[in-house]
Ligand code: GAR
């Protein structure tokens with residue numbers, strides 16, 4: 001098989017980035033992680049990338065006059081490296097058509113709820129506060145909206161009595177660390193097709 005070149009975009013701790021790195025290092029995921037894109041120079045994910053010897057493109061959005069301005073640079077980094085798939089793993093910024101259009105169908109995001117419930121920030125807290133009994137994790141293609149693109153896979157996580165956002169976040173993360181590498185594997189193996197909003201996976 002041809003090498004499959006991925007880039008990860010992240011803003012925070014990067015446990016999902018690490019989950020992908022771990023699967024690659026164990027030989028269970030046949031992709032090449034070509035780049036980490038990060039909008040926070042001090043984020044822990046940057047250290048994880050250096051440790052894993054993954055090149056990093058880090059930028060400070062405040063230094064640019066618009067989203068489009070820094071996304072144009074990100075796009076160039078992605079194109080120069082001939083990236084097949086962009087994985088947004090805790091990238092906490094809205095993205096514009098500068099990135100969405102060239103990568104539609106080749107850009108995925110992980111979100112910590114069962115979309116379309118609880119899009120946006122603080123999704124775990126939103127679910128606890130609302131009082132739902134189940135929440136979960138969604139991996140979807142990225143379109144121009146907020147957590148609104150076609151859904152590839154979801155996994156439910158139960159909310160226990162007296163649950164706190166912290167305890168739930170731990171179980172959400174555990175579910176994410178399984179689901180995200182699995183979806184990357186499906187895409188790598190060409191098992192995923194999109195028909196409008198509906199996505200099918202040949203297992
Ligand atoms: C993950 O839970 C991810 O689903 C969430 O940020 C966390 C990043 O954790 N993403 C969003 O909320 C996007 N709307 P990590 O840095 O440990 O991978």
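Any Cβ shown, glycine's included, is placed from N, Cα and C.
Annotations in TrEMBL come from automatic prediction, not curation.
What TrEMBL lists as domain 'Formyl transferase N-terminal' is 5-184. Sequence annotations record features per position, and here TrEMBL assigns N(1)-(5-phospho-beta-D-ribosyl)glycinamide binding site to 14, 15, 16. The (6R)-10-formyltetrahydrofolate binding site annotation in TrEMBL covers 67, 92, 93, 94, 95, 109. The active site, proton donor annotation in TrEMBL covers 111. For 147, the entry in TrEMBL reads site 'Raises pKa of active site His'.
Feature annotations (TrEMBL) mapped to structure.
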| residue | record | DSSP (3 states) |
| --- | --- | --- |
| 14 | N(1)-(5-phospho-beta-D-ribosyl)glycinamide binding site | coil |
| 67 | (6R)-10-formyltetrahydrofolate binding site | helix |
| 92 | (6R)-10-formyltetrahydrofolate binding site | coil |
| 109 | (6R)-10-formyltetrahydrofolate binding site | strand |
| 147 | site 'Raises pKa of active site His' | coil |
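The two recorded residues, residue 16 (N(1)-(5-phospho-beta-D-ribosyl)glycinamide binding site) and residue 109 ((6R)-10-formyltetrahydrofolate binding site), have Cα atoms 11 Å apart. Listed in sequence order, the residues of the same chain lying 6 or more apart from residue 92 ((6R)-10-formyltetrahydrofolate binding site) and placing their CB within less than 8 Å of its CB are 11, 12, 39, 121. Among the recorded positions listed here, namely 67, 95, 111, 147, 111 has its C-alpha nearest to that of residue 15 (N(1)-(5-phospho-beta-D-ribosyl)glycinamide binding site). Counting only same-chain residues at least 6 apart in sequence, those with a Cβ under 8 Å from the Cβ of residue 94 ((6R)-10-formyltetrahydrofolate binding site) are 67, 146.
The recorded positions recorded for this entry are 14, 95, 147, and the Cα of 147 lies nearest to that of the residue listed as 'active site, proton donor'.
Checked against ligand 1, the binding-site residues 67, 93, 94, 95 give no residue with a Cβ under 6 Å from it.
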